[in-house]
Amino acid sequence: DELLWAAAWLYKATNNEYYLDYLGKNGDALGGTGWAMTEFGWDVKYAGVQTLVAKFLMGGKANNHASVFGKYQEKAEFFMCSCLGKSSQNVQKTPGGLIYKQRWNNLQFVTSASFLLTVYSDYLTSARRNLHCSSGSVAPSELLAFAKSQVDYILGDNPRATSYMVGYGNNYPRQVHHRGSSIVSVKVDPSFVSCRGGYATWFSRKASDPNLLTGAIVGGPDAYDNFADHRDNYEQTEPATYNNAPLLGILARLHGGHGGYNQLLPVEIPVAKPMAVEPQSNPVKETPSAAPVTIEQKTTTSWLANGKTYYRYSAIVTNNSGKTIKNLNLSVSKLYGPLWGLAKSPSGSYGFPTWVSSLAAGKSMEFVYIHSASPAEVSISSYTLA
């Protein structure tokens, strides 16, 4: 699964079709099209691979691997349906409705599954389709609503009324299994604390942690919504970065609300009904096709947010010279938003991204940017031919 996971993200980062072909040719052999998962975590990444490949498929980027990518998507949707309780094989849930996989640090599976549900909800919305489960059709909004219910549980909407985010709410874990939290700060007591001394003096203390690990997500409750707030109960009170990381993405998405927000996510899916509003600008300037290096820009999608119309632009740089281009420098002006796919130098010019060192003859590279204005002005400053 790690090999497929790496290939999927390398394709996403570089647009190099070698990695897309790897996913297509090795999906069966490496389990990407075969494993129907009910969990997603640091040790088992198949559900994440299947979700990302499904995004490529719905975005029209499968090339000649559409049938294989369709198998990935079937497994991705099995995962979504199982989380929602609408599959032939559903994930276990506590009486309070929390996804439950195991006693030791169960919340890692909750936040990671909820993240996949969140992004897939937007992929479906952008593709203008529903999720098809064995129990029937499911609207994209149901995926997002379920992910929200899991977040609400973590933050205190549960039978114990306990927030499993340290420092959030009034009732949260006070004895976190975390050395930095449980040993007094040097600012309070400058005495040296040895490894054994810290364990002997601080680990078994019944008092609350002297240092608040604000924002940390602990392991969480058991299969029956029970939780024992004791420092030595590492299965339930130990925090982990992989608990928090997926949660940040979910919270960011939930903060955006519902109406039309899916188009703000990086989903390369054709818009079914193009907006009537178009950029009020002069046509995008292109370099002559006979030039050694050409640049072609186009608007790929647009959306309304907070009273503004935003545009996503794609710029294709093509090497027509017959030789390899190195040391490419581009000038980009009148840019009022984020740009992906180029590296910015201290001088303000743009060059190849870190994963590209040259552009072979006849090859092209793409970069994209988003802003609520007419196309940026992109021109070639310099390059060398090798």
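In case you wondered, yes, glycine gets a Cβ from its N, Cα and C as well.
Pulled from TrEMBL:
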type	residues	note
ACT_SITE	H177	active site
ACT_SITE	D229	active site
ACT_SITE	E238	active site
DOMAIN	293-374	domain 'Carbohydrate binding'
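Structural mapping of features recorded in TrEMBL.
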{"residue": "H177", "record": "active site", "DSSP class": "coil"}
{"residue": "D229", "record": "active site", "DSSP class": "coil"}
{"residue": "E238", "record": "active site", "DSSP class": "coil"}
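Counting in whole angstrom, D229 (active site) lies 9 from H177 (active site) by their C-alpha atoms. Residue counts for the domain 'Carbohydrate binding' (293-374) by DSSP state, with H, G and I taken as helix and E and B as strand, are 0 helix, 50 strand, 32 coil.
A separation of roughly 5 Å, to the nearest angstrom, links the Cα atoms of E238 (active site) and H177 (active site).
Around H177 (active site), the C-beta neighbours below 8 angstroms that are at least 6 residues distant in the chain are V218, R231, D232, N233, Y234, T237, E238, P239. Mean pLDDT, taken over the domain 'Carbohydrate binding' (293-374), works out to 89 on the 0 to 100 scale.
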